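Since the structure comes first, as structure tokens, the remarks are kept for the end.
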Amino acid sequence: MATSYRNGTVPKGALKVDRPLSMNSTSKSSSFKSKNSGPAPASGIRRKSTGSVANSAASTKDATSVSGRVRVAVRLRPRNAEEMVADADFADCVELQPELKRLKLRRNNWDSDTYEFDEVLTEFSSQKRVYEVVAKPVVESVLDGYNGTIMAYGQTGTGKTYTLGRLGEEDTADRGIMVRAMEDILAEITPANDFVSVSYFQLYMESIQDLLDPVNDNISIVEDHKTGDVSVPGATAVDIRDQKSFLELLRVGETHRFAANTKLNTESSRSHAILMVHVERSVKGRDSAISSENGSTSHTAKAFKPPVVRKSKLVVVDLAGSERIDKSGSEAHTLEEAKSINLSLSALGKCINALAENSAHVPVRDSKLTRLLRDSFGGTARTSLVITIGPSPRHRGETASTIMFGQRAMKVENMLKIKEEFDYKSLSRRLEIQLDKQIAEHERQQKGFQDEIERIAQEAQIRITEAEKGYAEALERERLQYQKDYMDAISRLEEQWAENKQKHEKEKAKSSMLSASMEVAELKKKFENETLLRKAAEEEIDNLKNQVAQWKRSEAAGNSEILKLRKMLEDEACQKAKLEEEIAVLQSQLLQLSFEADETRRNLDRGGTVKLPGTLDSPIPPFMHQHLGDSGDGEKASMAKLFEQVGLSKILSLLESEDADVQIHAVKVVANLAAEEANQEKIVKAGGLNSLLTLLRSSNDETIHRVAAGAIANLAMNETNQELIMSHGGISLLSVTAAKAEDPQTLRMVAGAIANLCGNEKLQAKLRGEGGVKALLGMVRCRHPDVLAQVARGIANFAKCESRAYTQGSKTGKSLLIEDGTLPWIVQNANNEASPIRRHIELALCHLAQHEVNAKDMIKAGALWELVRISRDCSRDDIRTLAYRTLTSSPSFQAELKRQRIDYG
């Protein structure tokens, strides 16, 4: 099968050592060469070598160096369902001219910019066409001994992962570049002589993590200062012998890759995935000759001469998509991921700019991504880049940036080299075989020697047994004699004991008379002791009387001290009066600020509903939003002024006031301050979080509950604050507040706070154990759409974290949501009329259905039919695709559909 480009074909032979490599050759292309074919004699290229094989100890040769430009192809993604609706009245922002290898980027309806690429692929181009144009020439070069790189670059959601990593399990025509490249490599190598190994890792937040061994999450990069080669020795390397094992390896790697749901893509890659294929091939007819000193080749040297092998490397890079935060809606940890992705892509762009402009300094060390791709741009590898773009005019800026990246990459020149080495490993294996034979012969001789030793040992054992038998008989005779002597000695001792007993009784009668006189003397001595004790007691009584007199004098001194203390208490009362006056001033300031906050709330109520920062479609009370209109700016200035004049500690102290009105105004001020991220850390450090939780516990006022819950919801947007809230029993207090509250606004605030906590996968077990999930389910009694939207958001966040835990292997049992009885409500509201509720419920269903352990309960609850409806009727393309993939990949769902005689493929 010929591999051709629009502006000419690249011949297979152009990558051999015997001919120069031309990146823009116009000669006729050829198919993969035969496995047994060798390189032709060198014609037009001078080979660099340090000497002949016979007289050189070096095992590595500098292959021919050939200049080759980075080839760039552009691929257009077709419009998705969302763009069909949103951009229905607008034309595509790009116009392709594949026959001229041109692309026109429209500025407006009458003007456009034209760019030329090595290949232009329309939205109708097949995966096979993309592989033959972009990747196959690079794979052929790798089989010839050159290093190669295939990379995809573009905005998120434009089809990079589809182009490179598609496995084609549903349709083999959808196979991506990774699968097709390994098919061609395995078809060309000889399993007996050639070796193929694969490493698969990801660059996530500037940390290299092994996708085949997730525990290995901090791999270092090693650079050879002599050759400039870049390697990752810490990554797992797996030998590949067949296509099935390679596909299983890709599946394992994809399950460990980080992804997130954004507005542009439901499964947006959050890391750069890198597949590294090492190929080692023997070169026929290039075995070295080891000569003896007189010039003749010895028999041993001929038998054990090392063959020559070519070592090459294929690197397939699936870059994470560049994105604008205002379009992707990234927040919290997803925002940090987006920043890291954009920084690494920016570093790559700087390196390509420097190489394109022939700059003296190329900043390859600004990012681990540029260090890994050091050989791909300006190095020794043959590189093909495919840039993916979308047709939507809404993303014209990102499309223009991607096109300019490809234009600059086309100016980068690489110097291709072949790496050949002596295969001392094969020679070592042959020597090991000879050594095994010698060892086997030695073991046979050793076994004969051991048999002789065992025979002699058996004879010795027989003699020892006979000797032990005679010795035992002699011992028995001695024992009987000793027993007889022992009984005789016992008899003699008994006779002596009887004689001694009679003598002792006579002596006892004489001693009884002496003991009576001794008792009389002892009684006299005791009487004398009692007399002495009485005198000592009288002396003790005199001492106690003296102590009582001293205590009376001490009491008089204590009365004078009490008078001094009373005077001090009067001084403290004066200071308390002054403090009460200061509190009265603060109360007046709080009343003024509360009046301004109420005015702002009424203005915002007339202006409409606002959104809670950092959450998904969760409305908040108007007094917590501080960036809308002049009134919001005025309130913010008042807050800042109060913050400077009074201080946060005094404001928080008013939360403990006995006056209910003062408490209400103070908690409103704290809630408004908590709405700004800059104030949240200060509030937590000053004890504001504990004060808010105390108000929830002690107060019975509905207004205080509503405002305090809103402030806690704002603080719960931070991961550190979430752990503090859980450690202080916050989820239990929120659950109790939800059970008591009837006001929809209060329930909305409590549900929003619990929903934010549901998004932290570390706290899921504790949140569920303290009744968080049941509290969410209990709030649906309100039936208010805003409350139901927050409940649905919390369930979706909880289900998403559980799905991630299943994928990482840290969870295996049934979903906690199902165990707490939320599944019936989820199924009931899966087709809710309110769009925010329906979207969250559909996502929660898809996440729960992704894991087989939940399938039986979902079928019993009727969730299967909702999944079928979502996969067919959902307005969002990403959710519809996720539901379809879940249904087709679950054996239990497929069996149930088949049992119901429903054809769903």
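Each residue, glycine too, has its Cβ placed from N, Cα and C.
What TrEMBL lists as ATP binding site is Gly154, Gln155, Thr156, Gly157, Thr158, Gly159, Lys160, Thr161. Its Cβ placed at the centre, Thr161 (ATP binding site) has 24 other Cβ atoms within 10 Å.
Look at TrEMBL and you will find 439-596 tagged as coiled coil. Taking the coiled coil (439-596) as a whole, pLDDT averages 80 in the prediction.
Under the heading compositional bias 'Low complexity', TrEMBL lists 22-37.
The compositional bias 'Polar residues' annotation in TrEMBL covers 50-64.
The domain 'Kinesin motor' annotation in TrEMBL covers 69-412.
Marked as region 'Disordered' by TrEMBL: 1-64.
Taken from TrEMBL, the feature repeat 'ARM' covers 646-688 (among others). Mapped onto DSSP classes, the repeat 'ARM' (646-688) shows 35 helix, 0 strand, 8 coil.
If you look up TrEMBL, you'll see 687-730 (among others) marked as repeat 'ARM'. Within its own chain, the repeat 'ARM' (687-730) has Cβ neighbours under 8 Å at 332-333, 612-615, 620-621, 623-624, 648, 652, 655-656, 660, 663-664, 667-668, 670-671, 674-675, 677, 680, 736-737, 740-741, 743, 745-746, 749-750, 752-753, 756-757, 760, 762-763, 766-767, 770, counting only residues six or more beyond its boundaries.
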Ask   = Just going by other Cβ atoms within 10 Å, which of the binding-site residues Gln155, Thr156, Thr158 has the emptiest spot?
value = Thr156
Key: Which of Gly154, Gly157, Gly159, all binding-site residues, has a Cβ with the fewest other Cβ atoms inside 10 Å   = Gly159
Inquiry  = Within its own chain, what residues at least 6 apart in sequence put their Cβ under 8 Å from the Cβ of Lys160 (ATP binding site), listed in sequence order?
reply    = Ala152, Tyr153, Gly154, Ser269, Asp318, Leu319, Gly321, Thr388
